[in-house]
Structure formats: C-alpha cells, structure tokens
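Student: Here it is: the structure, laid out below.
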C-alpha cells in the first residue's frame, strides 16, 4: 500500500496527513464535548478553551515520552530534532499523562464539576483517537507485526512500516485501534442515555480505551527492548494502571 505522509505540498508548505487527521480528531472531540456542554446549559466556549490547553499538553507530553524512548536511537545524535513535532513521533500515553492534570486544573479554575465535564469529553475523546489513528495508517507509523491474515497490509518502502518489513504483509494495528475506539465511542453513546453517577462515562472510557490499547499492542511491532515485563510493553503496563485506577474510582464512587 502506498502511504501518503504528505497530503499537499505547495512550495515550502507541507500539509502532513498524520497531522491533519490528528487535528481533525481534536476538532471532532471538541465539537462533541461542546455539544454536550450546550445540552447541559453550559457556554460551549469553555470547551474550546479547554481543548486548546489539552492539545498543547498532549503534544508536549507525548513528544517528551517519545524523545525519552528514542533518545539513544535518534535524538542523542541530534537533540534539536526533538523539536520537529511535525515529522511525527508522539507517544499517546505521554500526552494523556500531561493532559489529565492540565484539564483538571483548568476545569477547577473555572469552578466546574470535573466529573461532569469528564462525561462531556469522554465520547469525543474516543472519537478523536479513532480519527487520529487513521492518520497513523496513511503515515505508515505505529504499525503491526507480520501476518498471513487476508487483511494484512504491505506498506510502501518509503514508510517506516515498509522500511522495516519490505514487501511483507503486516497487521494494520492503526486501524485495529481506530475501530476499537469507534466501538468505545458507540458504547459510550449508548450508556449516555442511561441513568448513572457523574463521571461514569469518563471512567468507562478509561477502562475500555485502555483495554483497546492493551489488546492492540499484542499485534503491534516493537523493538525487543520495548518489552519491559515478559511479553508486555510499557504502554500495556500503563494501560493496566489506568484501567485499575478507573475501576477503583468507579467502586469508590458507588
């Protein structure tokens, strides 16, 4: 499959497919959350301000984690390359770890209920990840292990996936996660219509979203050094920690 890391090039200006889909994901998530805020009688402009800070924190956090992970392989020789965020190279959970306290601080500063706002945001978050991972697919990053399954994808050699596995079908793990998060989105939509305590949708998203990532990582390709506990990656351990914390919070709030 030919990848399209650069969607449009006009002179020195480049619009990268990965960045475009990530931005579309944030826009879709913000639109959903603003819609829910308006439905609850809240001025939706608050959500757009919150989204700005979440985007900023997510990019910084995910880039920091990526640079730490790839320091010896890439950045030790050229530290300034760490600033080239537009070239891709972000770790999802790094963004989450910084975005969560940023969002909590901003929400509390506005005098709003953190759990209620979390319920507005949760479905949009799942939708945003689903859209963003499509960008990863077209970019040929975050790719899977070799497979003989009929839906295995052969990426073109100019992509990271094609360079690692030239002419070899691999799992389209980007689409696995995209589909998984889309399912989470529809589950949250269903639960949204049920009676529940504030924060239930947010906690459910944390559990299901972590489960999606945990399963997806079994099919995703990593360098041998990425496995930190038997067959488990660092991201899978973070997924387990987030899910267990969410279950604990859910039990505590009953």
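In case you wondered, yes, glycine gets a Cβ from its N, Cα and C as well.
In TrEMBL, annotation is done automatically, which means it is predicted and not curated.
Grabbed the feature section from TrEMBL, which reads as follows:
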| type | residues | note |
| --- | --- | --- |
| TRANSMEM | 15-34 | transmembrane segment |
| TRANSMEM | 46-68 | transmembrane segment |
| TRANSMEM | 88-108 | transmembrane segment |
| TRANSMEM | 199-215 | transmembrane segment |
| TRANSMEM | 227-251 | transmembrane segment |
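Mind mapping these onto the model and telling me what they sit next to?
Tutor: Within the chain carrying the transmembrane segment (15-34), a Cβ under 8 angstroms from the stretch's Cβ atoms is held by residues 4-9, 44, 47-48, 50-51, 54-55, 86, 88, 120-121, 123-125, 127-136, 138-139, 141, all 6 or more beyond its ends.
A Cβ distance under 8 Å defines the sequence-distant neighbours of the transmembrane segment (88-108), meaning residues of its chain 6+ beyond its ends; these are 5, 16, 18-19, 49-50, 53-54, 56-67, 69-70, 114, 117, 121, 129, 139, 141, 213, 235, 238-239, 242.
Listed as Cβ neighbours of the transmembrane segment (199-215) (distance under 8 Å, sequence separation of 6 or more from its ends, same chain) are residues 92-93, 114-116, 118-119, 121-123, 125-126, 129, 177, 180-181, 183-184, 187-188, 191-192, 235-236, 239-240, 242-243, 245-247, 249-250, 253.
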Student: In the same chain, who gets a Cβ under 8 Å from the transmembrane segment (227-251) while lying at least 6 residues past its ends?
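Tutor: Residues 69, 91-93, 96, 199-200, 203-204, 206-207, 210-211, 213-214, 217-218, 220 contact the transmembrane segment (227-251) from elsewhere in the chain.
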